[in-house]
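Visitor: I have a structure here, written as structure tokens, and I will follow up with some questions on it.
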Amino acid sequence: MEQENNYELNLSWQQKTSSWIKSVKDELSTDIIFYLYSFGSTAIIYFCSWYLDSPINYSFSTYYHLFTVTTCAAILGAGMYYYFYLLVQREKRPLNRFKKKVHQLFFPLYRTISIFLSLLAINFIVTNHTFLKSLIPLINPFKWDHTFAELDRLLHFGVAPWELTHSLFSSPWASLSINFAYNLWFFLMWGSAFFFCIYYKLPLLRLQFLLTFALLWMINSIWFATLFSSAGPCYMELLTGDAQYAPLMKLLTAQSLYLENIGASPLWSLSTQDYLWHEYLENANSFGSGISAMPSMHVSMSVLMALSICRLNKKLGYFAYAFAILIQIGSVHLGWHYAIDGYVGTLLTVLLWKIVGWFIKRNTMAV
């Protein structure tokens, strides 16, 4: 009798384990393409860098600390927002509702595994991008800057786009506000990636965002950036001796000094540009390193955020599109990009979003 009970207990344990493993497989299979791309490309890039003796070292830890901090900050921020939302809605038992929501988000345990792997994949994707971006001028030296500068004038009736933005937003405070939005982009980009890693209500939209996010870093920021290798207005004089953007950089420097003299914050873009230039000269592979203008990833990611947010909430989507336009303006205003960098980035992002959506829909219908 005792042996029969032990047998049933062991069988029950085995069934539960088997059921749990199946649940993990089913959960991970939803994002299998995303995982295969992320971890597969990481392995290929790492071994190629090692085998080919790359002049720039590949590092898995480039964004590890930032990844940890931003993930914790995102979890804390989302938790605070939701609890505050419950208080505003006058929930009778907000703490119990909050606990229930957290439990639904991270349990069963296979959901937590899926979220962790998705976040890890995002980390690898950005790490790969930074490493490959640093190699661009070694593979194809910058040579498209003059062409894009001429195209900018051609598209804007003979006027440099930065002259238009600075005529519309002429004060140092306007430049500082634009710079703030441009830096805010980074946190919104990470926040969007985190949100779609944990958002399962619309699995097809979630997968469309994650796949487009992953492919943009490779197709826009590596393939097209290498093919049309350019540094951007802020580096044109340093690289080519052409001083056509010197008035823009002098204007930004003067505005930054004015802001500092009155006790305000300087324009952070200038110190960031100096940092990236130093990293470029040192062939470094560190946080944010690498110089590339075409196409603009700031604009590309802003458009991706707008496309995905609009599918969740149209009213909120309008604000996201407005933010994307502001980033397009900021990329020119602060000397980071030629206007055409953002235009091409927008076009490629929308096209890739449509292709990924078609691919997901086609495969879903096939199943």
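Each Cβ is built from the backbone N, Cα and C atoms, and glycine gets one as well.
What TrEMBL shows for this protein is this:
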DOMAIN    147-353  domain 'Inositolphosphotransferase Aur1/Ipt1'
TRANSMEM  32-52  transmembrane segment
TRANSMEM  64-84  transmembrane segment
TRANSMEM  105-126  transmembrane segment
TRANSMEM  180-200  transmembrane segment
TRANSMEM  207-228  transmembrane segment
TRANSMEM  287-309  transmembrane segment
TRANSMEM  316-336  transmembrane segment
TRANSMEM  342-360  transmembrane segment
Visitor: Using a Cβ-Cβ cut-off of under 8 Å, list the residues of the same chain that are 6+ residues beyond the ends of the transmembrane segment (180-200) and lie near it.
Guide: 70-71, 74, 77-78, 105, 111, 115, 118-119, 122, 206, 209-210, 213, 268-269, 298, 301-302, 304-305, 308-309, 323, 326-327, 330-331, 334, 336
Visitor: Please work out which recorded stretch in 64-84, 316-336, 342-360 has the most C-beta pairs separated by under 8 angstroms from the transmembrane segment (207-228)?
Guide: 342-360
Visitor: Of the listed stretches (32-52, 64-84, 342-360), which one yields the highest count of Cβ-Cβ distances below 8 Å with the transmembrane segment (287-309)?
Guide: 342-360
